[in-house]
């Protein structure tokens, strides 16, 4: 018997092209690369000194002379965004570096040695997670002098818990694999096993977490600066530029729109890059 004519043969699914598979990775990498390049080359590509006050060009709209306009003191907004990007990216990298280092060490210790060490570290993680991280950062910064160093350290010290839990879970799995058991049977010490066999195999999810963490740190720094608890004027920061633009939003929209777009695009780039790296490095998500 033949099947009814209305039942058509199902066509085989097409395998996605390499471009469609890695389009988000390319887009995220391009955004992050361009924003990082602009921040690094700011002293050479910025058309004006970001702190130069020009009383003859107050609140000028975007034009050929000032691509993104000027602020209430006549300072070039484009130049300040470039230099503000240096601050935001520096905070993101340093804060995530601190958080990742702490979480990596504690996660390896908890996952490999287990028992008492695992219990103490994980209970400490639970206690830290009881407090909303942003409000904890606000409370600490409020008692300290608002400075770039304090912001980076506080963000780093309040952001390691997720990394610790992630590394612990990976370590619990890796420590039972055959090559780790063989190394242990051959007489390798704990430090050698951790550094040679466990750490390299646990870095993939940490890389993804760190990439996403940079976006979170940039948002946190911008929020603190917007509240007046972050980078202090006259130093340029995307957050304090938003704060300055808030007062004249009705007559100088560019003072808020361009710093806001810089934050949006940068955070979007790191999120796209992190999600793409997760899909690329996690074998369970490659199908």
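The backbone N, Cα and C atoms fix where each Cβ goes, and this holds for glycine too.
In TrEMBL, the feature transmembrane segment is placed on 150-167, out of the ranges 60-77, 150-167. Remote same-chain partners of the transmembrane segment (251-273), defined as residues 6 or more beyond its termini with a Cβ less than 8 Å from a stretch Cβ, comprise 24-25, 27-32, 35, 59, 61-62, 68-69, 71-72, 77-78, 81, 84-85, 88-89, 92, 211-212, 214-215, 218-219, 222, 238-239, 241-242, 244-245. For the transmembrane segment (202-231), same-chain residues at least 6 beyond its ends with a Cβ under 8 Å from one of its own Cβ atoms are 87-89, 91-93, 95-96, 99-100, 103-104, 107-108, 134, 137-138, 141-142, 146, 148, 151, 155, 159, 162-163, 166-167, 170-171, 174, 237-240, 242-243, 263, 266-267, 270-271, 273-275, 277-278, 281-282.
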